[in-house]
Amino acid sequence: MPPLTSLHLRHLLRHYHLSSPPPPTTFSLCFTPTHLPKTPALPFRFSQRPFSSSQTLNPNNTESPDPAIAQSLSTEISRDPNTDPLSISERLQLSFSHLTKNNALTPSLVLQTLKLSPDAGRTVIGFHHWLIKDSNFEQTDESLAIFVDYFGRRKDFKASHDLLVEGKSVAGVKCFESMIDRLVRAGRTTQVIGFFERMERDYGFKRDKKSLTFVVQKLCENGYASYAEKMVKNLANEIFPDDGICDLLIKGWCVDGKLEEAKRLAGEMYRGGFEIGTMAFNAMLDCVCKLCREKDPFRLESEVEKVLMEMDIRGVPRNVETFNVLISNLCKVRRTEDAMKLYSRIGEWGCCPDETTFLVLIRSLYQAARVGEGDEMIDRMKSAGYGDKLDTKAYYGFLKILCGIERLEHAMSVFEMMKADGCKPGIKTYDLLMGKWCAHNRLDKANVLYNEALSNGVTVTPKEYRVDKKFMKKPKAVKKEKKRETLPEKMARKRRRLKQIRLSFVKKPKKGMRRAL
């Protein structure tokens, strides 16, 4: 049997919806559960992770480069080319020829070298030429993407273009993603559209729905939904958009804060036979909450209820991200109790909280000084299987909140919990706690932390911390003994007082009194 096309699936879904009974339309912020028919969702997957040079390497490659070699290469690359008559390729061949024989030139070493050479500039092109001349170094899509990302970070897209033209035979998906990501982040929207139009001819990249989806995703994430929508409409005859692309466009308008444009596009989608997914409704829900928080927080519940009712009518299922959006926005307006009630009822819709749910609630409980409940939520997070998400960054956020509300003793207990979970505190963590103890004029506690950091190999730089005036010891006031006045001093004080009394009486003019009579 031949596989079904997206058009056939869409007709089957529409027929399934028409044959099933309509769902009830009552819904509120307190989430009264409604039993919807289970609709088979169309799977649409695309890369959600933003491209960066640190993600181009194969995750199975655990070999770490030698920092000394990377530093030596970085020093040579960063040298002024005018100080030596030899080119950078010749200098590298003279100084590092042993690396080519030992097969030490790996993509991880190249990445580490470029990270240490942010100001090398066009000299990196010579470094690239030296690498590809080595017979033992195999240039791949990921190794070329490292250089494309390096020049894109410097906004030197001419150099990136030259590298892609030279490496046309090996350039692939990673180079394409790196180039698009850097162009969008630099605000070169017109260049992004032009790059997509000529990329098949100039660079050998395939123009298909997957590549278009990636471009639309990057444009929408960075606030260029208008350019993305115009691009999709112009390419509709060549690459017809699907539900996933339309959901991305709606999400892009919501990222811009333009809810009316998102509703306009959603209406066009329904008239065109498309179905809006949960991702698009979650984006509109977040946009509604954000606008209400900025303009009128008292309308938050009513406006959210409208979006949830629309989801209910359309038969769009809710997922954990829907609850995360609501819980996050409730916590932002300090409605922690409502967020906790919503958390306790997530299971009624067949959803389970994820790490985002737990982290948001823990931060909100600590912010509300409900430290005991915050600790209980940490235990629940570990019991749910998300204990590995409690990393150093998450614990640092908890400590920062506790220090901000002046709960230093509890911050120290969370600090001990952090070390018990295997998270190694860094410079920022020790500096935060030391600064707070010094502000409370508890130098003994600060010194204990300083010695602990040194014993753990954390190089904390000693510096001056200001002591809060509330915790400074006030010096005891010395009582002044009254000095006995001499007779001339006493007579002078009496004369001054009599003069003040005499001048305090104002005599009325006689002429005024006669007129009054």
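Every residue gets a Cβ built from N, Cα and C, even glycine.
Straight from TrEMBL, the features:
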{"type": "REGION", "residues": "49-68", "note": "region 'Disordered'"}
{"type": "REPEAT", "residues": "242-276", "note": "repeat 'PPR'"}
{"type": "REPEAT", "residues": "319-353", "note": "repeat 'PPR'"}
{"type": "REPEAT", "residues": "391-425", "note": "repeat 'PPR'"}
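Each residue of the repeat 'PPR' (242-276) gets a DSSP state, and the totals for helix, strand and coil are 26 helix, 0 strand, 9 coil. With DSSP classes pooled into helix, strand and coil, the tally for the repeat 'PPR' (391-425) is 26 helix, 0 strand, 9 coil. For the repeat 'PPR' (319-353), residue counts in helix, strand and coil come to 26 helix, 0 strand, 9 coil, using DSSP.
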